[in-house]
Amino acid sequence: MKETIISDIHCIITKPDRHNLITVVVETNEGVTGFGCATFQQRPLAVKTMVDEYLKPILIGKNANNIEDLWQMMMVNAYWRNGPVINNAISGVDMALWDIKAKLAGMPLHQLFGGKSRDAIPVYTHATSDTMEGIYDLVEGFLEKGYKHIRCQLGFYGGVPTDLHTTQNPTEGSYYDQDQYMDNTLTMFKSLREKYGNQFHILHDVHERLFPNQAIQFAKEVEQYKPYFIEDILPPNQTEWLDNIRSQSSVSLGLGELFNNPEEWKSLIANRRIDFIRCHVSQIGGITPALKLGHLCQNFGVRIAWHCPPDMTPIGAAVNTHLNVHLHNAAIQEHVEYNGNTHKVFPNAAEPINGYLYASEIAGIGVEIDREAAAEFPVMYRPHEWTQSRLPDGAIHTP
């Protein structure tokens, strides 16, 4: 097979909407260019530096066809490995290499994987509001569009706090009360079931906001409303408590968006402590490890629901769709509809049709970046207040 030599690599950071989005561009001597998602929006410049200063020098002149070898080299070259900055940087290159290979083969990415196991993947979207009336309005609109799975949140993560009993001169941060959050969320579930019955599946993201004993209680009480799954009921460093939850509740659990290292998910899958793996594909290093993870999950009856939030390029979202139509144990894909600027920067970005996402049939990933349009929306960074989550006494808590 003729070698395809990597001739250049660079990063593009753009902010067409609320989030800084990072795209890696890999060029070859064959004139075929690949694009990959490397978005770590809280540390965009760190990822760009990793790509431009550390990965590019070891990749120029290498054969782009040897994806597995290049992935392994990128992962171990710094000796220290499996962190969010390096994994996202590797992901951007890895996705771009798969994009190149599929373009050279003249087939869409899912066909390169081995073809489809389904026609399309069901989608869930987000209905978030500070009031139940606001949630109802959003739900009505999504039902009209054909969605059958909706993640419902009363307020931002941690809920809508009222009458917080804080300290004098409290430390700056985003405050919430765990008991209020649990009570309000259970009331939300009850109200949605009373109003809509089983017209749609309800999902909910705890987003690590509870202590383990509270998570057990919440899982027991929310079970009666039959959520499709409860996401991130515990942080990654408390997953041994999942056995306690499993022994007291049959509620379906999704976990994994913060995972970087295979050691974080292997025992959860092998011991069937979760129902859905929620890894963020760029956060674990791209397509190469995602395919392996998907196959591992299938052996243990764990289904796939990749993390696919707005702070991901449409390139990364398209990769998720290709993975989902290929992997037999894929269950659902998260999606928040794009604004006009995002469609301008990323032509062919897919939107759901009647509650389903369809994989592109264009050779490669099927979504690229318009570099001129991207330049209209330069990177902007500010510290994120929502990740400075605090309890009423001022103690910081996992966001």
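Our numbering is plain: 1 for the first residue shown, then up by one each step along the chain.
Just so it is clear, glycine is given a Cβ too, placed from its N, Cα and C backbone atoms.
Record features (Swiss-Prot):
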- D205, E231, E257: Mg(2+) binding site (BINDING)
- H207, E257, R278, H307, E334: D-arabinonate binding site (BINDING)
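Close to the recorded D-arabinonate site, the chain also has D205, E231, D232, G254, G256, H280, A305, C308, P309: residues not among H207, E257, R278, H307, E334 whose Cβ is within 8 Å of the site's Cβ mean position.
The Cβ centroid of D205, E231, E257 marks the Mg(2+) site; residues of that chain outside this set whose Cβ lies within 8 Å of it are V206, H207, D232, G254, L255, R278, H307, given in sequence order.
Among the binding-site residues H207, R278, E334, the ones whose Cα is located within 10 Å of the Cα of E231 (Mg(2+) binding site) are H207, R278.
Around E257 (Mg(2+) binding site), the same-chain residues at least 6 positions away in sequence with a Cβ under 8 Å from its Cβ are E231, D232, R278, C279, H280, Q283, H307.
Whole-number maximum of the Cα to Cα distances across the D-arabinonate-binding residues H207, E257, R278, H307, E334: 15 angstrom. The binding-site residues in question are H207, H307, and the one with the fewest Cβ neighbours inside 10 Å is H207. The Cβ neighbour count for E334 (D-arabinonate binding site), using a 10 Å radius and every protein chain shown, is 24. Cα of D205 (Mg(2+) binding site) to Cα of E334 (D-arabinonate binding site): a span of 12 Å. When the binding-site residues D205, E231 are compared by the number of other CB atoms within 10 angstroms of each CB, D205 has the fewest. If you draw a 10 Å sphere around the CB of R278 (D-arabinonate binding site), it holds 23 other CB atoms from the protein chains shown.
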